[in-house]
């Protein structure tokens, strides 16, 4: 059984989003072990580019600490490659077969990720060309993970 660890900046504040994420996590429990680790946003006292970059570096260090060399790291970033649900399913299927990978998804804060953090990914993906709040992006990730597992298993959820 594949293990998925989601490392994200910020907490889910809205209860309806937390409930939806919990529902998808529960649905996935027969396919994988999923865990989410949340890290606090770095303070950004002003909008000076160097202040924002320092916050991104600080957040990136937290997000990328403890990643094992065997982990398959998927970074979610607006600059990443867009893939279909079937494409994500193929990435997960390969990791299940080739193992002993743990899939690690990294979701940065509102200012994005540092260059160092981006370089630690095996692949950089974008959920959409549109911009979403990070809470919604996390919910979309859970839904797409569940959809990917149903595609892999040939279940009727994905049509």
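Just so it is clear, glycine is given a Cβ too, placed from its N, Cα and C backbone atoms.
Here Swiss-Prot flags 76, 108, 127, 128, 129, 130, 131, 132 as S-adenosyl-L-methionine binding site, drawing on sequence analysis.
On the structure: features taken from Swiss-Prot.
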residue: 76; record: S-adenosyl-L-methionine binding site; Cβ within 10 Å: 22
residue: 108; record: S-adenosyl-L-methionine binding site; Cβ within 10 Å: 26
residue: 127; record: S-adenosyl-L-methionine binding site; Cβ within 10 Å: 21
residue: 128; record: S-adenosyl-L-methionine binding site; Cβ within 10 Å: 10
residue: 129; record: S-adenosyl-L-methionine binding site; Cβ within 10 Å: 7
residue: 130; record: S-adenosyl-L-methionine binding site; Cβ within 10 Å: 7
residue: 131; record: S-adenosyl-L-methionine binding site; Cβ within 10 Å: 9
residue: 132; record: S-adenosyl-L-methionine binding site; Cβ within 10 Å: 13
Residue 129 (S-adenosyl-L-methionine binding site) - helix vs strand vs coil (DSSP): coil
Reduced DSSP assignment, residue 76 (S-adenosyl-L-methionine binding site): strand
Assigned conformation of residue 108 (S-adenosyl-L-methionine binding site) - DSSP reduced to three states: coil
